[in-house]
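Quick notes on the structure that follows.
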Amino acid sequence: MVHFTAEEKAAITSLWSKMNVEEAGGEALGRLLVVYPWTQRFFDNFGNLSSPSAILGNPKVKAHGKKVLTSFGDAIKNMDNLKTTFAKLSELHCDKLHVDPENFRLLGNVMVIILATHFGKEFTPEVQAAWQKLVSAVAIALGHKYH
């Protein structure tokens, strides 16, 4: 289990409270699909993913991205119990969707990039360290069913 200090929790929740989940969610998932094109195979029912502009403008990408970021919100509310928080999603992604758990780590890294672009100077190295710790812990929790 990952332990978050009070300072780390404060850094994470402070930025999260300013996050536009709908906008950033579509941006994060869209970036994942553009930068790591092999991840597109999990979204073949999303329609046109033929180019970066098609992906970033795709309403299904935006909607699912919002859903993904809403789950990150659950992580923030339950930082001390991520394994339980993501147990059902881990099972779904492992047993039904057969998603490579490495993709969770990639999405976490994309999330950090999105945060950096949205918050600039406010995204200090200390804040980044807290977020890296969170996205890594979320990736581990989502991959738990695979072990």
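Including glycine, each Cβ sits where the backbone N, Cα and C put it.
According to Swiss-Prot, the protein has these features:
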| type | residues | note |
| --- | --- | --- |
| DOMAIN | 3-147 | domain 'Globin' |
| MOD_RES | S14 | phosphoserine |
| MOD_RES | S51 | phosphoserine |
| BINDING | H64, H93 | heme b binding site |
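Counting every protein chain shown, the Cβ of H64 (heme b binding site) has 17 other Cβ atoms within 10 Å. Highest local Cβ density among the modified residues S14, S51 belongs to S14, counted as other Cβ atoms within 10 Å over all protein chains shown. Annotation note: S51 (phosphoserine) sits in a coil segment as assigned by DSSP. When secondary structure is read from DSSP and collapsed to three states, H64 (heme b binding site) falls in the helix class. H64 (heme b binding site) sits 18 Å from S51 (phosphoserine), counting Cα to Cα.
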